[in-house]
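Engineer: Just lifted these from TrEMBL, have a look:
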| type | residues | note |
| --- | --- | --- |
| REGION | 1-27 | region 'Disordered' |
| COMPBIAS | 1-11 | compositional bias 'Basic and acidic residues' |
| TRANSMEM | 38-60 | transmembrane segment |
| TRANSMEM | 72-91 | transmembrane segment |
| TRANSMEM | 103-123 | transmembrane segment |
| TRANSMEM | 193-210 | transmembrane segment |
| TRANSMEM | 222-241 | transmembrane segment |
| TRANSMEM | 293-312 | transmembrane segment |
| TRANSMEM | 324-345 | transmembrane segment |
| TRANSMEM | 357-375 | transmembrane segment |
| TRANSMEM | 387-408 | transmembrane segment |
Amino acid sequence: ERAGGERHSERDGEESPAPAGLRRSTESEVYDDGTNTFFWRAHTLTVLFILTCALVYVTLLEETPQDTAYNTKRGIVASILVFLCFGVTQAKDGPFSRPHPAYWRFWLCVTVVYELFLIFILFQTVQDGRLFMKYIDPKLGVPLPERDYGGNCLIYDPGNTTDPFHNIWDKMDGFVPAHFLGWYIKTLMIRDWWMCMIISVMFEFLEYSLEHQLPNFSECWWDHWIMDVLVCNGLGIYCGMKTLGWLSMKPYQWQGLWNIPTYKGKIKRIAFQFTPYSWVKFEWRPASNLRRWLAVLGIIFMFLLAELNTFYLKFVLWMPPEHYLVLLRLVFFVNVGGVAMREIYDFMDDPKFHKKLGQQAWLVAAITVTEFLIVVKYDPNTIMLPIPFFITQCWILGILLIFTWTLWRTKAEEG
């Protein structure tokens, strides 16, 4: 991760420490001996040569199969790979540079490809869009029933003499460690305990509110508040905050690998290559002014919308929860979410230096909106199912309280 005042070198991919006058109080001080090795060079000509050799081989030495569907798939994949090769070597660098700037440029290009894929799906009919998923995996395109997590909600079931705690063990599936790991990573992205807890609790309220639309939102009360909020999410947030504390206290002193005399030091330096180059502590301060308050509300809203898209997308596109595409989407957001949050924070915290929203943040916002539009188009009947009156009253009350507080803050600033 780079400090806000640093400049990223286009020549070698490594950054120089920010001058003390430009470094914010929440940024760590960095020492770097400036070693420039083969690892940090751009290798644009090398990549171009390898890419050209591959294309020459396909053109001159490989016989093209007489299979239109196969050639279409391979042509699309090849086009994406060429775009990724261009992006990895030529795209603009973002705020992160470890383990290597090319790694983050790769995910930036994957973000572009994913958004283009979503746009393509959005412009299809519902039938054609679901049929297209069969070209990715022939097992897709078939309606799948959602699992109901409700039912018998007794923690201790006296009617089952063999195992009265069977309801708890039934809920202990692969999603339990996924919840913990997910919130550990989200905490590293958001870097604020209060925001993480608000998003965690708010999502459980959303599940209560929308369980009439998606059956798998119907969970037992103890599954919502004990297993999810307190155990899985809470433990993930706690471990994430401990990691943030270590990262904020860690010294950021970098030496070239060949300048370190001992093998132990070299191994430690290689391991630390996968940690941030520098560190910025996020201080969101939503109550400090109206701009920051609205920005934090927007971040929470987009976070919750992205979470809901996970469930609604697999529902409308008929993807089972364990399908590899669902997992790949989560891996994708793990890699792009941290960059997007850093760019959003820089844009909000230092608008004089960061005059426009970062490229990854812009794309992630576009992806979140596009996913939601696909859900609306592909199954408007589910989305438009009326929310129970009592739940509607609760949400109206909450929105009114937020709106009232926003007006009060606006008048307080004017005063």
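Heads up, the Cβ atoms here are built off N, Cα and C, so glycines get one too.
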Engineer: Sequence-remote contacts (6 or more beyond its ends) of the transmembrane segment (293-312), Cβ cut-off under 8 Å?
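Structural biologist: Same-chain residues near the transmembrane segment (293-312) but 6 or more away: 195, 198-199, 202-203, 206, 210, 214, 216-217, 284, 286-287, 326, 329-330, 333, 341, 344, 348, 365, 368, 371-372, 375, 379, 382-383, 402, 406, 409.
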Engineer: What same-chain residues lie close to the transmembrane segment (103-123): Cβ under 8 Å, and 6 or more beyond its ends?
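Structural biologist: Answer is 80, 83-84, 86-89, 91, 93-94, 96-97, 129, 132, 317, 332, 335-336, 339, 359-360, 363-364, 366-367, 370-371, 373-374, 377.
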Engineer: Ranking 38-60, 193-210, 357-375, 387-408 by Cβ pairs under 8 Å to the transmembrane segment (222-241), which is first?
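Structural biologist: Answer, by Cβ pair count: 193-210.
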Engineer: Can you tell me which recorded stretch out of 38-60, 72-91, 387-408 has the most Cβ pairs within less than 8 Å of the transmembrane segment (193-210)?
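Structural biologist: Of the candidates 38-60, 72-91, 387-408, 387-408 scores highest.
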